[in-house]
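Okay, structure first, notes after.
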Amino acid sequence: MTKLSRRNFLYTTGAAAAATLASPLVARAGTDTIKVGGLHDLSGALDSTGVPMNQVFQLAIKEINDAGGLLGKQVEAVIYDPQSNMSLYSQYATQLALKDKVDVVMGGITSASRETIRPIFHRYNTFYFYNTQYEGGVCDRNEITLGTTPAQTVKRVIPYAMNLYGKKVYTVAADYNYGHITAAWVKRYVEENGGEVIATEFFPLDVAQFGSTISKIQGAKPDFVLSAMVGTSHLGFYRQWAAAGMKSQIPIVSTVYGAGGTEQVILTHEESDGIIASFGYFEAIDNPTNKAFLEKVAQEYPDKKWVMSEISEVTYEGMKIWADAVKEAGSTKRDALLEVLTSGKTYDMPAGKVKIDPKTQHAVRDVYIATCKDGVFGINETFPDSQPEDTQMVCDLIKDPKSNTQYEISL
Amino acid sequence: MEKSVLRDPGFYVMVAIGLAAMLILPVVLDMFTIMQITQYVVLAVFALSLGYIWGFGGILSFGQAAFFGLGAYTFAVAAINIGETTIPLILAFAIPCLFGAALGYFIFYGRLSDVYLGVVTMVVTLLFWKLANHTAGPEYAIGEARLGGFNGIPSIPVMNIPGEPEAMLDPVQMFQVFMGFLIVVYIVLRLLIASDFGRVSIGIRENETRASLLGYDVRRHKLVVFAIGSGIAGLAGAMWATYQAFIDPNAFSMEMSAKALVWVMAGGVGTLVGPIIGVILLQWLTLKLGTMELLNSLAVLGAIMMVLVLALPKGIVPTLRKLIVDGWTLARRKKTGGKADE
Amino acid sequence: MDYTLVVALEMIRAIAWLVLLASGLAIIFGMMRIINFAHGEFLMLGGYTVVISTNAGVNEWVSILILAPVVVGVFGIIVERLVIQRLYGRILDSLLATWGLSMLMMGGVTMIFGNTVQGVSTPFGGMKIGAYQVPIYNFVLIGFAVLVLVAIWCVLKFTKAGLIARATMQNADMAEALGIRTRWVYMTTFGIGSAITGLAGGLLAPVTGVVPTMGMNLVGQSFITVITGGASVIAGTLSSATLLGTISQGVTFLTGPVYGDAALLVTALVLLRLLPQGITGRIFKRSL
């Protein structure tokens, strides 16, 4: 090996490349660590949502380690990028459960990805935290669900908007599970409050042209438009709505606008101003925990362009709550943790008070209504202790701990 | 193609490798790795379906995913309704095969060829994809199976032993059964290609006009090849559905069709081993890329594809084969003292 | 009455949209029989150029009308030199290579610029038609679609370059024999096709969300329009865009966007079955 021949060079660099490929991205710090899995899309169509979640996830772990770790061990993240691809989700989930043998997994963004990996974690008894707002109904003792469901947000924002604007509602929603279920809840709450949904339209996730719909809405003259539009193609709706000069005429209320933390950045202020939304977290929440949290995020990721949204903040919550339970239980065993988690303890989080409902293992949390102004949401109203009523209608894990399904809540 | 398959040692070697993998791998590897390999096996069957119609029938389909997805959905719906998996598996071959025949009639009897054939198959795939994505509402159910739109169908039954719905296969058994499928598909295709029928389809691939002037019914021939390919793609779809236990409209995506093209292309058109190797190589790479954060995985995969097309236009297997043959002749020439052989 | 007018306008806008999406691709495919699968990402690059330069303080119109076509055009020439020129006559290899390019561009743009970029707002605002309001920008889109087609037609019909291009298109070997350097013709054609695509991407930037993956949803429509149209650039693009745009928007108004999109695909299928070489393979055969 004195001369560096071309073949030798290729061979050695090839081997080096193979070695980098084969090791997960966080170097193993030895065997004596507690491993936690992270499954967020870091490339592909969902990366704009997945990257912030993953960053906050790592920040939470860093904080835990800086404070001395858990049970005398350091916490180590095993992170995979499912590339917005469902079959990679199922593979990495299996890998986390069987090969890496992690103690808990945080992750999954869309409901499709959750329903892909949830049964896998259930089968292999790998504790799972799903930290995204979703349509509700998951009933699985192996999963803790911390994001908001329609009964928490839609229930609050509909009467609020009807008071403000009037009783005639036009719903536009994404043509998939979440959109359909949200639209059904919207209809229910509008009617409960004595209003009327004059039309509901569903749009496939790849539709980017809304001219015909905007004309139809103009013809129908609703008091406000309720949007459950999802994804980047659907951002076209807000742009074309503003371009038609409709911003000053019919207000928009949304159940998802701002969920990913990138919408306010991609749209201009003229397009996004005045949109009303309801979530479990906004940057504007005024409490010391949140202030400290945002400062730390800004320190850790000074170049970040995204806005902290519910989905990312809840990912942080997931990690912190799990760590707190591990400390209290003195173990990483799922059943011991569940006992602590469902004991009714209240957690002080940037989003406010969070508690876990033992029946559904969903979060009972503060819900906020906010209006977008200059690209920033300002909070109008706070609803403390909002229960996941939709899931509570169908799921009781105390009575039926073996349950392993997502119920469809029929309205 | 002159010599019969049964006298080709390569054929026996391949079958032997397959059988050895089927029996030995479960003993030496852990369950997780076996599950990984199962995925390659399923996709290899899918790649073979395209490798056959493209390499041995001259039909370049941009929409092989249409049949893959159709097979997967057929299997899912049937298995959920029937409660066992043998009949659904047969249906998952038969329905895409029939659909392929119908579409083939539309295409070949309309004398569509070349790019236009590609676009028609692509449009059909897009159409399936759009419609499958539109089935989120509760009104879209076939029997007990909700189609589920974008989210797809979860909880698809695991494959069971024929006649015993309770006897579900464990991951290792599933690997062995799927490996068996792959070997059978390989053998059937090899025999088919070596038969009179196969020779005619190769003749058509080489020169359509000449074949038709010699009196062969080109359209019918292509239709049959296309339908067989569709059936095999459907079978692969069913395997995919039961392996993952869920299926979503991405089975119909252009990406799925394009992946099949890349596997065949990378492995080598006009071979059956090539597509299998293409699957293993590129799927392994995709998986590995997801475990590192250095570079965007899409970018790396894209760059690799471009390099493959530019550097190995014939594909890996034909290039290797040529290298080996060249090396062999060179070695023989040296042995015989520099004289050209024969 | 107002409603009819609004529907008609929306149909014309849909046609203009398809024309803008497809023109650049039609030039490349019609002249060179090369399938550029990264077409959607070329559009995305145009959109990104506009968004980034506008955020950096460049006038919005300067970015749309000058920067976007120039950047994407130059990028197209580079791609042609590095990749495409090795693949002439290998339609399939070109497809696979450009598919790789499309992934590389998606990943590359994400790495360099990130996936969240502040968008640009739509200029001009709305205009009243009876009880309805439509964006004035729709007329801009329609105007540019017409302009692009007229410009291509003038170049092909009246200039020497157009003559050379048409000659190369009809019979490349003969053109070469007559002393035309077809390599340069191809390179220029690819560059111009890319520049038009860049302009289209730039024009789309104010009305859609500009993200690295936006091309994926556009490439299908562009292809179907070009292939349904057949080999002639202008007549083909215009006739297929008209047909597909009218039918899909008509159905969208009557039912909803899903069936509108499905109607577009079914129309394309039926047309290809009846006219296997595209519309201009049978009708308007001698047109440009």
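Cβ coordinates come from backbone N, Cα and C, glycine included.
Quick caveat, the model's predicted, so the values are computed rather than measured.
Here TrEMBL flags B:12-34 (among others) as transmembrane segment. Nonlocal intrachain contacts for the transmembrane segment (B:12-34), taken as residues 6+ away from its ends with a CB within less than 8 angstroms of a stretch CB, comprise 171-172, 175-176, 179-180, 182-183, 186-187, 273.
Counting same-chain residues at least six beyond the ends of the transmembrane segment (B:40-60), those with a Cβ under 8 angstroms from any Cβ of the stretch are 67-68, 117-118, 175, 178-179, 181-182, 185-186, 189, 193, 198, 201-202, 204-206, 208, 221-222, 225-226, 228-230, 232-233, 235-237, 239-240, 243, 260-261, 263-264, 267, 269-272, 274-276, 278-280, 283-284. Feature annotation from TrEMBL assigns transmembrane segment to B:40-60 (among others).
Under the heading transmembrane segment, TrEMBL lists B:89-108 (among others).
Annotation comment: TrEMBL describes B:115-132 (among others) as transmembrane segment.
Under the heading transmembrane segment, TrEMBL lists B:174-193 (among others). Here the transmembrane segment (B:174-193) has long-range neighbours at 1, 5, 11, 14-15, 18-19, 21-23, 25-26, 34-35, 37-38, 41-42, 44-45, 48, 52, 56, 158-159, 202, 228, 232, 235, 239, 242-243, 272, 276, meaning same-chain residues at least 6 beyond its ends whose C-beta is under 8 angstroms from one of its own.
According to TrEMBL, the feature transmembrane segment maps to B:223-241 (among others).
Long-range contacts of the transmembrane segment (B:261-282) within the same chain, counting only residues at least 6 positions beyond its ends with a Cβ under 8 Å from a Cβ of the stretch, are 14, 40, 43-44, 46-48, 50-52, 54-56, 62, 64, 182, 186, 189-190, 193, 301, 304-305, 308-309, 312, 314-319. The annotation transmembrane segment is assigned in TrEMBL to B:261-282 (among others).
Long-range contacts of the transmembrane segment (B:294-312) within the same chain: residues 262, 265-266, 282, 285-286, 319, each at least 6 residues beyond the stretch ends and with a Cβ under 8 Å from a Cβ of the stretch. As annotated by TrEMBL, transmembrane segment applies to B:294-312 (among others).
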